[in-house]
Amino acid sequence: MMKKYSLLLLLLPLCFVNFSFVSSWKKDEFRNCNQTPFCKRARERTPQSCNLVVSDVKIDDGDLTAKLLPRAQEGKIEGEAESDDSSAKPLLLKLSVYQKGILRLKINEDPSLNPPKKRFEPPEVVVPEFENGKLWLQQVSTIQIDGDSSPSSVVYLSSDHEAVLRHDPFEIYVRWKDSGKKLVSVNSQGLFDFEQLRKKKEGEDGKGEDWEERFRSHTDTRPYGPQSISFDVSFYGADFVYGIPEHASTSLALKPTRGPGVEFSEPYRLFNLDVFEYEHESPFGIYGSIPFMLAHGRAYGTSGFFWLNAAEMQIDVLAPGWEGDSSKPMEGQRIDTLWMSEAGIVDAFFFLGPSPKDVVNQYATVTGNPSMPQLFATAYHQCRWNYRDEEDVAQVDSKFDEFDIPYDVLWLDIEHTNGKRYFTWDRALFPNPEQMQNNLVAKGRHMVTIVDPHIKRDDSFHLHKEATQNGYYVKDASGKDFDGWCWPGSSSYPDMLNPEIRAWWADKFSLDNYGGSTSSLYIWNDMNEPSVFNGPEVTMPRDALHYGGVEHRELHNAYGFYFHMASAEGLLKRGGEKDRPFVLSRAFFAGSQRYGAVWTGDNTADWDHLKASVPMVLSLGLTGISFSGADVGGFFGNPDPELLVRWYQLGAYYPFFRGHAHHDTKRREPWLFGDHNTALMREAIRTRYTLLPYFYTLFREASTSGIPLMRPLWMEFPSDEATFNNGEAFMLGNSLLVQGIYEERAKHFSVYLPGGQSWYDLKNGAMYSGGKTYKLEATEDRIPCFQKAGTIVSRKDRSRRSTTQMEHDPYTLVIALNSSLAAEGELYIDDGKSFDYQQGAYIHRHFLFSDGRLSSSNVAPASGGKPFSSNCVLERIILLGLPAGAKGALIEPVNLKTEVESGPLMLRKGSKPVALVIRKPNVRVSDDWSIKIV
């Protein structure tokens, strides 16, 4: 953020740091691949340079185990002394098979050969339930596969697939049983390399490139030498690959980074960084990292590959012909990738699909489903750095009511604290924080405050005193408490890898410890990459030390994950584990979806960033982070009214919907741009509130399956090639298609409506055939939204000022009939805040329209748990695609008759009748009933 550079101008006279003031992001402030030794070495390797072969294959404890040896050591006599050369030491390989056809590959150093330390494996990322799904292998078959000169070991994977371990040269791949064709493979291109740990020999210079690493004015020591790992992964039958967030791009599919005719010469970087005003078209990494890639194509469907590794990672997507030998025939349609990491082990998971939803569900089986949010968190959030004081807060809150704009959460940034000391308040500006929060609660609203990981090194600050006395800080390479610069000036960082320290941190959120807080206060974790202003690349040095002697280089990408975890645990403990927490995090890693929401960081108020927000949020959803969004309006800069309106119209469909702005920008609350623009933004926000029943049902689906709310078109239409690289439109659930408008003063827009069914324009009810691209008029009052024929969407159409006041409002069903005059949909309801739903306290209804009859049935499993009921009724049923002639409807079993009449799609002033509507059937949404068109 810009604010850190302003702070540094004040700090520079006080400390000797070499940190340049910048007014925008400069690439030379960050390392490229050639300046990153492990990346440069891996990229220099040539195809088939790996000389490892497989030996000693056996089944052990339900897994296939083997050794990887340099080819020269094959057949070595057992017990013969190993070479001092670490590259000659055998590696241990293990293959494990789990339910849903998940294959896990682990490769590590042999602990019996006394490596100088244990290589780091990130704890808490894989959920415990996953291990319970292990399938115990009973046997391994050793066969000669046609065309191979050496044998291969084959094990069962699923009814359709088997895993093959090729002995010489070493290769692991999954293939189809019926055809023998490959699906996903590791080391098919022979690029595998594993640098084993070692200690300096007596008399060896500790200053060489093996033992230290320099970038600009910073030097990181490497006490165990280079420890990187690299290997190729190939996806067969793939047309495109996706995922590995976080990067800013308008392309949903990952573009090739190496090979003939590539646009980028840098790999995709996964290294959590506080990047100031990031570029919108770049493979450069920003705030979070998830090393999970999906491949999709018409030939084999969808597959995925996840490498559980928290060190810096660089990934090349290789263009056809990257090997440099264009005459060599390619082994079918495939996409090759090169994965490079600075440290860790190989702990990789193969996901076989075959559908897109299967793959994301399989990944969620490993890292966990997204948490179920409170209802208020799914609504609109209003944020700024910073609302000045309690008077400012009260005025903003009252203005939303004055202009009849709903919102649920008001946020406070760092300026609310006492001198950047978290868990405190500036009592001059916020003298009565409890009352301020209670005033919001009286209107059904909530507050969020920021809590960052850097702790001000001030001996009078109780948090610093406790952390220092208990030894809770990350250490520098010499073993002293690490001291870096952030908002408070001199700061230290709690070592969140340590469970004891996470528990200590969680206790700080109690109402007793966090003075001025209430149970309606929720949390925002920023700067948790972790950001260190005077550190290399604005982050913590790689040789800093964590719990158990783990080097920061080994866990860097997971630091924010553990910080997020501790904060969420704090809110759980504060509420006696009765209320669901809400914690927004900027940094993230695999598994972060279990702890709350994520946003895309410091974007900019321009049209390109608006456009890039869609593929960024889609990529997060594909890799587990379902609850995400981009700052509406852009964090930096001053959007003109048209851009701001378009951003509200798009942001209303993000899973996380928040307006946010830098303190140097002009105030941009929705009422500050004239009555006309205020009306447009009001309508966009109301659209979100109208759709909250549908959103909440989708959040429930995500929390049980991992399937995201906001989906790429190809997730719902996996065989439609026109959807494969469409990052401008998206599906919200399986029913709504949203097309953004990303050009200033656009008069028209183009939208592709996938084939298979028709689509209904939710503004005017017009029907369009699928499988075509349409050029339609762009109007300023909305962005296009279409409902797929054959679906039913639940809404609440009455305008309220917050979700709390919507609780007892009636529902509307929008039924879009397909060519068979049928449709179906679901509605999920619970109390919106507690964990009682886990004991069965919820309503889950299935709606089906068929043969002229709409019926409601219960799909919740029978449960003896906590009861939950609702007296909410159905006040409108909107029918799209029903042939003319219907005059009435018979409600059963009460045998009441009501009329079918022409009516509007939305209950808004000036809306025209464009659909058939059943008004006031007044059946309870929790009951079984049917309504027959007569």
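Cβ coordinates are placed from backbone N, Cα and C, and glycine is handled just like the others.
Note: TrEMBL annotation is automatic and uncurated.
As annotated by TrEMBL, signal peptide applies to 1-24. For 93-316, the entry in TrEMBL reads domain 'Glycoside hydrolase family 31 N-terminal'. According to TrEMBL, the region 'Disordered' annotation covers 202-221. Annotation source TrEMBL lists domain 'Glycoside hydrolase family 31 TIM barrel' at 370-698. Residues annotated as domain 'Glycosyl hydrolase family 31 C-terminal' in TrEMBL: 706-793.
Mean pLDDT for the domain 'Glycoside hydrolase family 31 TIM barrel' (370-698) in the predicted structure: 98. Same-chain residues lying 6 or more positions outside the region 'Disordered' (202-221) and placing a CB less than 8 Å from one of its CB atoms are 18, 31, 35, 37, 477, 535-537, 541-543, 553. Across the domain 'Glycosyl hydrolase family 31 C-terminal' (706-793), DSSP helix (H, G, I), strand (E, B) and coil residues number 7 helix, 34 strand, 47 coil.
In terms of DSSP secondary structure, the region 'Disordered' (202-221) contains 0 helix, 8 strand, 12 coil.
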